[in-house]
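A.B. asks: Here it is: the structure, laid out below.
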């Protein structure tokens with residue numbers, strides 16, 4: 001900024017403190033606007049439009065390094081309806097958010113006295129702005145001027161601005177919004193260490209089981225090779241070698257199966273890339289930049305989905321590859337957009353700022369059809385041609401082998417339910433931090449932790465599914481594809497159950513809008529996580 005240059009105070013949204021996502025336009029409450037009208041224009045990004053950022057000009061005249069004494073900028077004619085609106089807002093602990101130079105400022109609308117009969121409005125916004133050189137590095141708001149809400153009176157709204165020199169560097173100006181005591185708590189370090197020990201234990205266990213048992217199995221099978229035919233017919237063959245003629249039989253519903261596998265590979269790629277970008281660039285400093293980045297990366301990694309899904313479908317002898325490509329491309333976008341659409345209806349009914357504008361919806365649909373689909377097609381064609389030929393080491397029998405009776409705990413359903421416990425155990429403390437940053441007012445910035453947890457999750461999932469598949473094949477059940485996918489994907493069920501616990505015991509949310517928003521998007525998050533693990 002140059003001296004005396006205009007500094008814009010944007011009003012963003014107002015809403016109840018306990019429901020972070022239930023926000024309304026600031027001027028949906030009967031606040032009044034300052035006198036200054038002309039203003040440089042503001043362009044919003046795709047991420048901001050989806051997250052319900054509604055910036056409106058406050059009309060306050062602020063100039064760089066120009067102190068303003070307490071000045072009245074407008075007055076509110078308080079009739080019965082306006083008073084009721086303010087009383088409702090104060091009862092529900094409404095507070096508002098503003099921005100100066102992309103720095104967020106929060107303030108409370110008003111307060112009630114102890115017995116809850118009289119309601120007071122804060123009318124005086126006292127701004128203290130710190131500058132370092134020609135840049136704004138710090139903003140503080142003090143709300144003063146408590147005025148009792150009495151119908152049919154005039155309430156004067158005032159503001160003052162004080163500029164002071166600050167030693168904060170421009171790069172570090174966001175540090176005061178971060179909460180190191182919360183995110184870098186000993187428990188956080190401890191949980192990572194804990195998961196890490198679990199990984200070492202699991203990897204050791206898996207390699208030991210496989211090495212020892214497989215060596216034993218090989219010894220047994222090679223001993224049987226040496227016997228003559230007479231002994232072999234009397235010998236008791238059992239175990240995984242029995243199903244060698246059926247183990248490469250295509251899975252049931254290969255179309256859905258390969259679409260899920262392709263989508264899972266894509267979600268993993270997106271998570272990996274976005275976390276790396278977030279570690280390098282501080283994405284939390286810009287409104288909506290995290291979401292915009294994720295959408296862009298998702299669209300760009302579509303060939304991954306096509307490649308893995310298409311090649312798997314071809315190897316399983318699938319014929320309808322175009323249908324598979326469409327399902328693979330639109331599985332995740334349809335799930336996310338479907339949920340968003342449903343929640344959007346409630347948001348529109350509430351007149352909340354979270355209601356997604358029609359133009360933004362069209363933009364997202366265009367990304368799906370004109371970016372994701374063509375890239376997916378490229379991936380599918382590559383996958384079919386490069387690795388679409390089945391190269392199985394042994395022939396598939398013409399007649400499926402009957403599956404013998406097995407103990408109840410070897411049934412696929414039981415294996416699937418047990419498989420998700422360990423991966424969930426390795427990530428659930430990180431889930432708490434991620435949930436808190438999304439559903440409460442904390443800014444998540446420890447992406448290094450998130451990366452570690454993602455790696456740990458991968459290793460644990462791999463180990464668990466190897467063991468599950470080994471048990472299943474040993475019980476001479478060759479239907480391993482869906483079991484191996486679902487025994488990892490069942491993590492999603494545990495995460496969703498945890499989100500219920502979090503809702504009832506860790507938050508104070510209420511109301512239809514926030515509840516449906518919470519459970520809708522938690523379902524999307526859990527499902528995506530499950531598909532990724534699977």
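Note: Cβ is positioned from N, Cα and C throughout, glycine not excepted.
Automatic prediction, not curation, is the source of TrEMBL annotations.
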A.B. asks: In TrEMBL, one of 218-240, 356-378 is tagged transmembrane segment. Which stretch would that be?
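C.D. replies: Spelled out, TrEMBL records transmembrane segment over residues 356-378, not the other listed ranges.
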A.B. asks: Quick one: do the transmembrane segment (356-378) and the transmembrane segment (413-435) have at least 3 Cβ pairs under 8 Å, skipping pairs fewer than 6 apart in sequence?
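C.D. replies: Per Cβ check, the transmembrane segment (356-378) does not touch the transmembrane segment (413-435).
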A.B. asks: Do at least three CB pairs under 8 A connect the transmembrane segment (292-314) and the transmembrane segment (326-350), leaving out pairs fewer than 6 apart in sequence?
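C.D. replies: Counting Cβ pairs under 8 Å (6 or more apart in sequence), the transmembrane segment (326-350) reaches the transmembrane segment (292-314), since there are 3 or more.
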A.B. asks: Out of 292-314, 413-435, 447-473, 485-504, what stretch is closest in contact terms to the transmembrane segment (189-211), meaning most Cβ pairs under 8 angstroms?
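C.D. replies: The stretch I would name here is 447-473.
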A.B. asks: Counting only CB pairs under 8 A, let me know which of 255-280, 447-473, 485-504, 516-533 has the most with the transmembrane segment (413-435).
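C.D. replies: Maximum Cβ contact count belongs to 485-504.
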A.B. asks: Which bits of the chain, at least 6 residues beyond where the transmembrane segment (485-504) starts or stops, bring a Cβ under 8 A of a Cβ in it?
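C.D. replies: Non-local partners: 257, 260-261, 412, 415-421, 423-424, 427-428, 431-432, 435, 439, 461, 464-465, 468, 515, 518-519, 522-523, 525-527, 529-531, 533-534.
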A.B. asks: If we skip the immediate neighbours and take only residues 6+ beyond the ends of the transmembrane segment (447-473), which ones have a Cβ under 8 Å from one of its Cβ atoms?
C.D. replies: 183, 188, 192, 195-196, 198-199, 202-203, 205-206, 209-210, 213, 240, 243, 247, 268, 271-272, 275-276, 278-279, 410, 412, 415, 418-419, 422-423, 426-427, 430, 433-434, 479-480, 483-484, 487-488, 491, 533
